[in-house]
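Novice: Quick paste from TrEMBL:
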- 36-58: transmembrane segment (TRANSMEM)
- 240-260: transmembrane segment (TRANSMEM)
- 267-285: transmembrane segment (TRANSMEM)
- 323-344: transmembrane segment (TRANSMEM)
- 364-393: transmembrane segment (TRANSMEM)
- 461-488: transmembrane segment (TRANSMEM)
- 509-531: transmembrane segment (TRANSMEM)
- 609-630: transmembrane segment (TRANSMEM)
- 651-671: transmembrane segment (TRANSMEM)
Amino acid sequence: MIPMSTLGRPVIQLGDPKTFDLNFKGPVAKRSCTDVLCCIIFILCIIGYIILGLLAWVHGDPRRVAYPTDSKGHFCGQKGTPNENKTILFYFNLFSCTSPSVVINLQCPTTQICVSKCPEKFLTYMEIQFTYRTNKNYWTYYSQFCKSTFVKPAKTLTQVLLDDDCPIAIFPSKPFLQRCFPDFSTKNGTLTVGNKTTFEDGSGKTRNAIELRAAANRVNKILDARTIGMKIFEDYATTWYWILLGLIIAMLLSWMFVILLRYIAGLLFWVFMVGVIGIIGYGIGHCYQEYCNLQGQPNSHLTVYDIGIQTDISMYFQLKQTWFTFMVILCLLEVFIILMLIFLRERIRISIALLKEGSKAIGYIPTTLVYPLLTFIFLSICISYWAVIAVYLATSGVPVYKVITPEGQCKHENTTCDPEIFNTTEIAKACPGAQCNFAFYGGKSLYHQYIPTFQIFNLFVFLWLINFVIALGQCALAGAFASYYWALKKPDDIPPYPLFTAFGRAIRYHTGSLAFGSLILASIQIFRIVLEYLDRHLKEAQNNISKFLQCCLKCCFWCLETVVKFLNRNAYIMIAIYGKNFCKSAREAFNLLMRNVLKVAVMDNVTDFVLILGKILVTGCIGVLAFLLFTQRLPTIIEGPTSLNYYWVPLLTVIIGSYLVAHGFFSVYAMCVDTIFICFLEDMERNDGSTERPYYMSQSLLKILNEPSMQTKKP
């Protein structure tokens with residue numbers, strides 16, 4: 001027989017009641033280290049991560065990302081080199097860059113040299129040969145865009161093309177991203193380069209700006225992006241203090257919302273449910289009205305089966321069957337919601353009481369609202385370290401040169417070469433016009449061969465650390481809120497500095513357990529990333545069956561990650577309370593939740609709704625105020641910034657920032673409610689409300705049980 005309480009609910013025992021510690025008064029103080037093996041592995045991985053960073057720092061060179069590289073692999077603008085004063089990369093023949101991706105990847109099949117400034121005028125090599133006799137200044141200007149300094153333009157055009165010493169033509173350009181790009185502009189609706197629509201390309205052909213844009217169309221988009229970027233920067237410079245003010249107001253509103261939840265959580269929920277019922281009721285009435293209006297209409301009696309599949313969806317709304325089906329579905333949904341509210345009203349009351357209790361707990365431990373800032377700092381450190389190592393690994397190696405031909409029809413295309421002796425090799429003879437240009441940085445040493453593996457290790461440890469930081473925050477917050485719940489007399493018996501104490505316990509005793517849970521989650525996430533990578537690179541080679549399997553795997557791993565996050569979260573709460581290892585804590589948390597699965601489902605839905613409502617409320621209020629301010633619609637109240645280029649730039653920044661601020665506050669609130677809920681369930685199973693074993697829950701939660709004979713702990 002299952003014993004029944006006075007409420008008529010089963011009292012689920014965890015075994016012999018003697019196994020309970022009847023003197024349990026909150027988070028266990030005497031603890032031992034848990035999951036030591038995983039802790040050791042975690043520390044070794046961090047040490048290996050640091051060693052990898054040192055290796056990448058020794059072999060890598062981030063200047064290869066910051067500085068452009070010429071065709072010989074030399075940096076432009078690097079101090080202590082002949083190119084120290086030549087900071088800009090210049091392309092000999094931009095017309096050869098027919099593929100936009102070639103220009104973006106900076107591997108255009110033309111000679112690239114470092115120059116001190118970009119050309120500012122139209123000049124061709126043939127023009128220079130004619131004007132050199134009368135004015136040598138033109139050649140002095142032109143020669144700075146050649147590989148080496150020449151006394152005079154003595155070589156013929158054919159010889160210049162073969163030796164690739166000088167460009168056959170230069171065009172007005174502007175430096176962008178330390179590279180010379182054509183100076184495109186629009187004059188009277190016509191695209192021009194240097195105020196010209198047509199010009200000589202140096203080989204006897206007349207070109208126009210449209211052709212040059214076709215060869216560098218992606219570059220033109222980058223130039224447009226530069227203009228937009230400058231305008232956005234100006235908007236930020238004008239509105240930064242308004243943005244900061246908006247984020248401060250969002251923080252204050254989030255704080256107020258958390259406080260008000262203590263008093264209006266129930267009102268918010270019931271207003272929402274009444275609104276949902278009213279909207280569904282309106283939908284039922286509208287469907288019934290449309291159904292009645294179609295009475296007697298021709299062809300309205302037909303069924304979906306009769307008309308078959310139609311591209312015009314509106315045809316289905318001309319059938320009575322469609323509106324009748326919608327009406328039945330909405331009626332069933334309305335009945336389901338009403339029945340749920342009727343039969344689950346007591347559990348909904350418990351959820352609302354937990355929301356109010358969470359607000360009270362945060363009010364007693366306000367330092368918990370500052371903890372998201374610490375988490376943000378830790379996450380920023382992890383992200384920065386990962387990005388730096390990724391850059392250093394990507395720039396490790398020595399210059400690698402490959403054969404590039406303008407037409408791309410040489411059999412030696414993309415083969416490695418040596419630029420010092422390339423002109424004397426058979427490749428240069430077999431492929432006229434071929435060049436040995438710098439391609440990338442690499443090498444054949446053991447370190448360089450394992451760079452892809454190091455990048456994967458870098459990503460995996462990064463995910464592990466990110467999940468560990470989040471787990472540490474959840475465990476620390478859970479320990480602080482558990483101290484509140486199990487305090488005999490609130491707030492007098494709440495231990496001093498509960499958050500600091502819980503954080504210290506988590507680091508000192510449970511690093512291994514937190515690392516264990518983070519490792520499981522990181523492993524699932526790395527598998528998801530691998531699946532995404534394979535899907536992107538093998539998309540065209542996949543058939544329908546493989547695509548279906550790929551989608552199934554993605555869905556399964558997403559569901560698995562969601563479940564693991566839920567289990568880990570509750571396991572960390574049990575670790576913070578009892579100090580057991582991860583597996584035991586996860587098992588006990590899972591069993592506890594499964595014994596109260598209905599309460600869990602209702603509590604999660606109610607909590608999620610209220611918190612989502614809070615985020616929307618805070619973000620919406622700040623967003624509306626920012627919109628009115630940045631669009632100059634509050635001139636009588638306050639004068640906002642004027643002459644903005646794009647008002648949506650600061651507006652979106654304020655909206656996104658406000659949401660993140662609200663999310664930071666309410667993530668603490670969600671952890672508070674989850675912890676109190678776990679403690680509440682433990683309290684219900686440990687104690688029976690008698691004088692010998694009274695409940696630890698507050699009077700507000702005790703009233704939900706509606707049993708006057710039950711008592712709470714007396715100090």
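In case you wondered, yes, glycine gets a Cβ from its N, Cα and C as well.
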Novice: Of the listed stretches 364-393, 509-531, 609-630, 651-671, which one has the most C-beta pairs under 8 A with the transmembrane segment (36-58)?
Specialist: 509-531
Novice: Taking contact to mean three or more C-beta pairs under 8 angstroms, with sequence separation of 6 or more, is the transmembrane segment (651-671) in contact with the transmembrane segment (509-531)?
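Specialist: No, the stretches stay apart by this measure.
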Novice: Ranking 240-260, 267-285, 364-393, 461-488, 609-630 by Cβ pairs under 8 Å to the transmembrane segment (323-344), which is first?
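Specialist: Looking at each of 240-260, 267-285, 364-393, 461-488, 609-630 in turn, the most contacts to the transmembrane segment (323-344) are made by 267-285.
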Novice: Taking residues 6+ outside the transmembrane segment (461-488), which of them lie with a CB under 8 Å of any CB in it?
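Specialist: Contacts of the transmembrane segment (461-488) (Cβ under 8 Å, skipping residues fewer than 6 from its ends): 24-27, 42, 45-46, 48-49, 361, 364-365, 368, 371-372, 374-375, 378-379, 382-383, 385-386, 494-495, 498-499, 501-503, 505-507, 510, 514-515, 517-519, 521-522, 525-526, 568-569, 572-573, 575-577, 668, 671-672, 674-676, 679-680, 683, 696-697, 713-715.
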Novice: With CB pairs under 8 Å as the measure, which of the listed stretches 240-260, 364-393, 509-531, 609-630 comes out on top against the transmembrane segment (267-285)?
Specialist: 609-630
Novice: Tell me if the transmembrane segment (509-531) touches the transmembrane segment (240-260). I count contact as 3 or more CB pairs below 8 A, with pairs 6 or more residues apart.
Specialist: no
